[in-house]
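Swiss-Prot annotations:
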- 233, 234, 235, 287, 386: L-serine binding site (BINDING)
- 264, 265, 266, 351, 352, 353, 354: ATP binding site (BINDING)
């Protein structure tokens, strides 16, 4: 959420930023209009309350002077004023509800260093690591390899749940768990994160504070009875962990790593990545999350991104880092790096992690503050990143580590977790 005062004082700057993101700018005019109406109503209510208070004092004075008839007239006026106040307060609530909703619909402002562009085609490649493997045989796509080895069952998953679900079997299911444990061990032991296992169901307030609502309502699974939401990412739970709290300066940065399944309706992705495990309604992810100060958040993004990269490096999976342009930024992000891993079946790089600095966007939505060295209250800056998407990491291993005789070699770092060197 953006600061209302900042919007009021810098409407043109905000509009220019929204234009760079390919967003409509009329919402800023609506916000300013609601804000002006709100301030006008507040002034009217304040004036009437002052008049009512003055009348109360006058009534007491008149009664002391035995002027009961005059006092009764003032009392009647007071009741009329109270009714006016009640009506204006009702109008004020409606205006404030509309204003707050509009504020929740405004995306974050891109950082000054973000490349300007319309869509993913104008993202900027920052660096590459590793070299795609040159096969001396025709590599198989993970969906074919997994089916032939009786490790992936798409048909029975569809029978159970419909499209975009997968059953993992045998050693490939164990490899999924090995990846999760490997990532958690790396981030806690080497990178200093605190491990969290959060709830998968959260309240509307929680998922609103992270930025998923109201914009992504159609992409979320929701319970009809209790109005609870299944998380689309552990970022939702971690961003709400300290909602309505004030953190001490010396406690920052707070660094959390969480493992959860993630649930997404993928409402806008019809026809995309229809085969295999790349785009699923349910998938496992290890999430990295920081709470820090405005002074440290830019450098924190570089550090968080390097932590996600380390997973790929230790697994010896070729990847590239891409800086997202303004038109491809996520709703809550001020700056984002995507990590894209090489997949032979696509003969291309595919996203496996998205690392973002949201600045005070989530802190303001969740009312999460900290006391600085001068004991002043400020909103925290938050950062998030996949460390990594487990299913896509599994896919990358299957495709990049496959052998000519149809087996899957296990990366060296995962052998201690698996107790074997090959699957198949």
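Positions of Cβ are set from backbone N, Cα and C atoms, glycine also.
Candidate binding-site residues: 233, 386. Fewest other C-beta atoms within 10 angstroms, 233.
Sequence-distant neighbours of residue 352 (ATP binding site) (same chain, six or more apart, CB under 8 Å from its CB) are 312, 319, 339, 340, 341, 386, 388, 389, 392, 393, 396, listed in sequence order. Using CA atoms as reference points, the binding-site residues 233, 234, 235, 287 were checked against residue 353 (ATP binding site), and the closest is 287.
Cα to Cα, residue 287 (L-serine binding site) and residue 354 (ATP binding site) are separated by 10 Å.
Around residue 354 (ATP binding site), the C-beta neighbours below 8 angstroms that are at least 6 residues distant in the chain are 330, 336, 337, 338, 339, 385, 386. Other than the site residues 233, 234, 235, 287, 386, same-chain residues with C-beta atoms no more than 8 angstroms from the centre of those residues' C-beta atoms, the L-serine site, are 236, 238, 258, 260, 262, 285, 286, 288, 289, 384, 385. A C-beta separation below 8 Å, combined with a sequence spacing of at least six in one chain, links residue 266 (ATP binding site) to 164, 219, 279, 280, 281. The subset of binding-site residues (264, 265, 351) lying with their Cα within 10 Å of the Cα of residue 233 (L-serine binding site) consists of 264, given in sequence order. Of all Cβ atoms in the protein chains displayed, 20 besides its own lie within 10 Å of the Cβ of residue 264 (ATP binding site).
Other Cβ atoms within 10 Å of the Cβ of residue 353 (ATP binding site) number 29 in total over all chains. Look at residue 234 (L-serine binding site): DSSP puts it in a helix.
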